[in-house]
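Asks: Below, the features straight out of TrEMBL:
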TRANSMEM  34-58  transmembrane segment
TRANSMEM  78-102  transmembrane segment
TRANSMEM  114-136  transmembrane segment
TRANSMEM  142-160  transmembrane segment
DOMAIN    314-501  domain 'Bacterial sugar transferase'
TRANSMEM  320-340  transmembrane segment
Amino acid sequence: MVTLKQLDETIAGRAVAGTTAPLPDRRATARGMAWFATVVMVLDTVLILCAGMLAAVSRFGEPTTYIAGGWRGSNLSGVPYSAVVVMVAVVWIAVLAVRGGYSGRTFGSGADEYKLVLSASVVTAGLIAILCYLAKIELSRGFLGFAFPIGAVLLVAGRFSARKVLHRLRAADRLVHRVLLVGMPAGVAELLEVMRREPKMGFAVVGACLPRLSKDPGDEVADQELPIYGYLDDVRSAVERSGADTVVVSALPGRSSRLLRRLSWSLEGLGVDLVVVPSLTDVAGPRIHHRPVAGLPLLHVEEPEFTGARRIVKSIFDRVGAGIITILATPVMLVIALAIKCDDGGPVLLRQTRVGVHGNEFTCFKFRSMVVDAEQRLAELRAANEHDGVLFKIRNDPRITRVGRVIRKLSLDEVPQLFNVLRGEMSLVGPRPPLPAEVEAYAEDVRRRLLVRPGITGLWQVSGRSNLSWDDSVRLDLYYVENWSLSADLVILAKTIGAVLSRNGAY
């Protein structure tokens, strides 16, 4: 294994330890993804057929009912709705395929994949409606009104399940792209950190190629044990020796456009993917718009939205959602309140001062899960803190009561925060509500968490909760602040159910 500091000692990087072993077929991942795409297509087809048959049975009692109308004067009275279901499935699958629904780049992309499925469903419904109008085919509106919504829901559920399977396969080092990083040492180090932090995205870094620099470039990633395969003009041979199927390019020195052009030429015929990373980090896709000007691929980055119509819609969504959940959760809250009162006779609710949007303080409600004098006993436990940064967390905190241990495991202690949402102090989804003492220790960039209302759940909740480091929790919160959207909120709310049931990071 050769590190960056040893680059100049490897004869321009042409001899890398451990490359004599047989290398994997770089096309193995492509074949695996083609197999996965076939399985997903079959799954989609089955789900669409099920939705269509359910619609026919719901509307007519059986799927063999015949349709009305004709085509160019011919009689279609002998065509059953079961045949219509098959036709709809063919059109639906074709639209999904044309829109990239079975591309390897689509699988596992989360919200973007679900949006693609939903938009393809709308397009399919429109095409079927136009076809029926032009051909004077009288399909039952009740049938169509049932088939497409149910089909869309089933497709999204199927894609969600397929995504989970894909993540498990990648965790087992299957369907993983072997990546060669190319660029300046600092950029390579940043990419390496991100790809190792998110293994479920399916990128396994096998090495790097760096520019020829006059100074030692190894300080940034010298401790990462990253194999170095050479300089920028060695990328083709590095791909051949490492078995990489993807080349990811970060910042390049000097005339980067010319270097990138030559790099793409050198990779022709190898069948590898070339990916260029723009100088944008933690910026979500909806904020980025591509605009070619005179051959230059310009990227327009929109400002984050903290006010305006979308914020009003989010506020309405929060309060309506909180109202519905509060009504449904009332019996559970009454049981928890009774259990806390019977356990030690202390108060049911914990009222804490927290910091909300724009630094405004408010009273945050939680079910009390600790002993009454928990704050007074905090000083004696400071030395046992298991969390870095400004947070205080102990896995087996002795201040937690018997009832508290149960409700914290299930995150039920957070339920009273629904009243904070109804009062407009919190949101259903947002950054974690901090204590005033924590805010006093915030660095300037961390204070951007206060640009939006704190949430009952958020990216931190569905990404590990207390298992996250302080830096990771800040990174996730800031990403949400910069890139929030109502669709992302819905995805986070759905993921929260799984996070609560798995109890990962809850203590």
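Including glycine, each Cβ sits where the backbone N, Cα and C put it.
Whatever TrEMBL says is automated annotation, not expert-curated.
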Asks: Hey, which of 34-58, 78-102, 320-340 has the most Cβ-Cβ pairs under 8 Å against the transmembrane segment (142-160)?
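Replies: Stretch with the highest Cβ contact count: 34-58.
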Asks: For the transmembrane segment (78-102), what are the same-chain contacts with Cβ under 8 Å, counting residues 6+ beyond its ends?
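Replies: Those are 37, 40-41, 44-45, 48-49, 52-53, 55-56, 60, 63-67, 113, 116-117, 119-121, 123-124, 127-128, 139-140, 143, 147, 151, in sequence order.
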Asks: Tell me, roughly as an integer, the mean pLDDT over the domain 'Bacterial sugar transferase' (314-501).
Replies: 87
